[in-house]
Amino acid sequence: MTLSVTGLTKVYGAGDTAVRALDGVSVTFGQGRFTAIMGPSGSGKSTLMHCAAGLDTVTGGSVLLNDQDLTKLSDTALTRLRRTRIGFVFQSFNLLPTLTAKQNILLPLELAGAKPDPRWMTTVIDTLGLADRLGHVPSQLSGGQQQRVACARAMLPRPDVIFADEPTGNLDSRTGHELLEFLRRSVRELGQTIVMVTHDPHAAAYADRVVLLADGRIVDDIENPTADAVLGRLRTLGV
Amino acid sequence: MWRFTFASLTKHARRLVATTMAVVLGVGFTAGTLIFGDTAQAGFDETFARTAKNVDVVVLAGDHPLTAEQLRAVSGVGDVDHAEGRMAASLPMLGSSGRPLLNNGRSGYAVSVAEDESLRGFDLDGHAPAAGEALLDLETAAHEHLSIGQRIQVLDKSGAIQSYTISGLVDFGVSKKYSGLSVVGLPQAEITRLTGESGLEEIVVRARPGTDQNELAQRVRSALADGVTVKTGAQRRTDLANEATSVATQFTFILLIFGVISLVVAIFVIYNTFAILLAQRVRETALLRCIGATRRQIFGATLLESAAIGLIGGAFGVLAGIGISYGLPLLLNNALHSGVPDHPVVVRAAPVLIGLTLGVVATMAAAAIPALRATRTRPLAALRDVPSAATTSRRSKVVRAIVALAAGAVGVFITVRGGQTDDSETATFIVVGGGVVVFLGVLAASPLFIGRLTALVGLPAGRLAGPPGRVAVANARRNPGRTAVTTASLMIGVGLMAMFSMLLGSIKETAKDQLSSHYPADYMVAAVRDGKTGEPGRIPMAYADQLKGHKELATVATIRSAKANVDGKVLHLGAIDHPELLPQLPGGLTDGAIVVDDKQPDPNLPSLRTLAAADTTIPGAGRFDGIVTWSQLEKLAGPGDGSLVLVKAASGVSPVESREILDRVGLAYPLTVVNSVADLSSGLETAVNGLLGLFAGLLGTTVLISLFGIANTLSLSVIERTRESATLRALGLTRGQLRGMLLAEALLMGLVGALVGIVFGLVYAPLVLQAALRDVVPVIVTPWDWLAGLVLLAAAASCLAAVLPARRAARGAIVAAMADR
């Protein structure tokens, strides 16, 4: 699996009010790696994620997932691709309130008309400790449990890449760390590729690599980051 | 608060369009009916009063027609400028087929054309008839495709055909007397020549200028003998206008009921809109409370908003009503041949004011409960996240269940009491009243069962459409209260349609059943009834004799009816020469005996032996005081012709063969009408279908309003679920699937509403029928084709309603929708 973004440009609006959210970003996310995208507010980190995940259109450049250019795909083709090849974990969980945990987890696969691999499903559910919560609807689950359901939903189709958008933003620090620990384990032990957007240096420290964005450009790329290193780098950006 | 209200109105303008449309339709129907009522009234006034135009004094015949001497006497009264006699006599006119034109078995009229133009009781298009010419009424001319210059044929008293050229056309409007019958206008002398009648119906008088009408009427009265009515022209016009009012009121009353129904349905839609809107606005409301708005101010602002919508909706509703009032006469005249006259639409102040008031009051009433609920918003809610799915407390569920059960129990009690009431009219009213209460109970209970029902109906959707189908079902039932109110409007419309279709269908079948079981013969040959009196004419005995000569006809029975004086009592007696055709008559009826009617007290006739009391109804002739033998009737009433011939074909003779014989023999007897069971059934069918079409048309408004209700609920839900939809899209739901999901949700709501309505209709229609038809055993038919059509209609309407919201939902960009908080 390779996901590489080349010369990505995204402009919102036109004329005088045009805002350049991404300005020629090129980056490659490696197989089996946990990458964090960081940057101050308005740096373009969320836009980069949305464009790389095929959720948003780009103004220029390309997004290659296994040599397939996502920017050239139709909406329907992109949608079908998202079902099984891209997973999502959102800040506010975004579970369907009318479906049970299990139905939520199975949703992307069912949309694709595929059956889950039962052993893989057991592995995911056990790893996330959700076995006794499968019949509950989201409103009966705690925030941490909801986010774990969301993780299971993202992992079950064995996607090429999971995008996590501030996954700990709505969690208390203990549950947040548990979740990050799980994400790191799934990369190390299960070989999952994860790209995470965060503004929290402690969260970023769980990643193998941190890509730092400011004003729509990549300004730094840190391997094996620590919270202090990331924090120090952010300070130099004047944030 | 004023400024806030205005701002929120303009901000949410789009969300309020559907609500406003519901107000427009609800008010439009009611205002339209009222405007139509005024218009019809004016039209009836005009046509009715037309006969008394330019008339200063009128003399109306009493029991006997007025004579030429009386006309001369009136002419001789001082200050009478001109007096004119008006006569009307029955005169059958032949249609293009060579048979008399009939309406309800009655032949047409001849009316005299006054020499004095100003005293004619009608407007004339063409010129007054000269020798060999005649006038014809507009309706007949249109029906028979006749115009000025063409020839018409009439039958004189001897049965000979006379021809005239049409010199002019006359619009008699809906004058009840002539309605539906052919009317030929001829000079008075010509009518006398044709019919042998010379009596006058009325004498109209034009006074010399400056004469007092009352004074002249007094003088005319003293110039005439008793037994006549003399009125001034003004009095006569008032009388005619009153007559017109009663005709116009009949129509408007029934229409108003439908207007009220559509208004009630509109209230449901308005209520729902405000409930959803305010639930979505909780943060905004809480923020207002945070910065110091009192509960009163919140309540006031919401009510103000509803009043504004009501006023706008009401104003457009009145405009729509004017449009509807143009359409209603067409609908009524086509479906019922009601003969509402053409008249420019009359818009009085009252319907306009009533429409606006209804709009404002109904909208405010519908918004009151949601507004009250909004005042309970706590300021802190502004700072918290708002749960998206409303949860209903157990207590409110229990309260709801108790209210629903109570209403249901009271309704069932009333219905049962109605069923036990003897008088069928009262019984029908009570049963219908009970039905309304039970229906209210069903409406109250619907949030409790609608979820399960939706799941049940949606089962195939989940199976067939996979996750999108399942999510659609879950969405449809996630807010049962909202779904219940949304579907309530459809329940009412579809329920009423189902009920009417079943009622009318069953009445039709019951009547057919009565026809075939009480109709002892294959054909009933009736004498054409007199256009003027409605009395049955005579069938010459030679006609029956001629029929008897054909061996294909097994039985030819002649029936005679006559008034006879028996032991000082005037009795309406009947006789039939083949009594075996009437199974209800006891055998052994001989001269000197009588079978008396079992529905009347025994007349106790010393001179006749009472054989038995039985049902004396003879199909086509009606009920008699008694039935005697043919020769007995000749003894009592003198010799005479029959008025009805019943014919039974021999076995093995095809209907076509026997009919052909009857038609051939009938050629020589133009004043006979051949009816068969099949004819009567098909006539009945046409009448019932016309009525059904009318009701369906009127209730169509209700369905239209509920369509807006569904669209409204759905588009508000779409706004509410923006993030969810975006999540689904991110997880791999295509735009098409998202659209399909909302369509499925709407379809479910539509089907559930239709089903509950239909079930209710199916339960209550037989009850109403049993209450209404006490004397006969009703044949209850379930009009499956209609019901299937209703389900399809509801399905199509709800899908249509979902189109716009679904498009809007699918159009949104995923990322923007996710960010939207």
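Cβ coordinates come from backbone N, Cα and C, glycine included.
Keep in mind it's a predicted model, so treat the numbers as computed, not measured.
Here is what TrEMBL says about this protein:
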- B:18-222: domain 'MacB-like periplasmic core' (DOMAIN)
- B:257-378: domain 'ABC3 transporter permease C-terminal' (DOMAIN)
- B:700-811: domain 'ABC3 transporter permease C-terminal' (DOMAIN)
- B:253-278: transmembrane segment (TRANSMEM)
- B:298-326: transmembrane segment (TRANSMEM)
- B:346-369: transmembrane segment (TRANSMEM)
- B:398-416: transmembrane segment (TRANSMEM)
- B:428-450: transmembrane segment (TRANSMEM)
- B:484-507: transmembrane segment (TRANSMEM)
- B:691-719: transmembrane segment (TRANSMEM)
- B:740-764: transmembrane segment (TRANSMEM)
- B:784-804: transmembrane segment (TRANSMEM)
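For the transmembrane segment (B:691-719), the residues of the chain that approach it from at least six positions outside its boundaries are 15, 18-19, 21-22, 25-26, 29, 255, 258, 261-262, 265-266, 268-269, 272-273, 276-277, 280, 331-332, 335-336, 475, 479, 482-483, 486, 489-490, 492-494, 496-497, 500-501, 504-505, 725, 742, 745-746, 749-750, 753, 786, 793-794, 797-798, 800-802, 804-806, 808-809, judged by C-beta separation under 8 angstroms. Ranked by number of Cβ pairs under 8 Å to the transmembrane segment (B:428-450), the listed stretches B:484-507, B:740-764, B:784-804 are led by B:484-507.
If you look at the transmembrane segment (B:740-764), the same-chain residues 6 or more away from its ends with a CB under 8 A from one of its CBs are 431, 435, 438-439, 442, 446, 450, 453-454, 457-458, 461, 465, 468-469, 471-473, 475-476, 483, 486-499, 501-502, 706, 710, 713-714, 717-718, 733, 782, 787, 790-791, 793-795, 797-799, 801-803, 805-806, 809. Applying DSSP to the domain 'ABC3 transporter permease C-terminal' (B:700-811) sorts its residues as follows: 97 helix, 0 strand, 15 coil.
With helix defined as DSSP H, G or I and strand as E or B, the domain 'ABC3 transporter permease C-terminal' (B:257-378) counts 102 helix, 0 strand, 20 coil.
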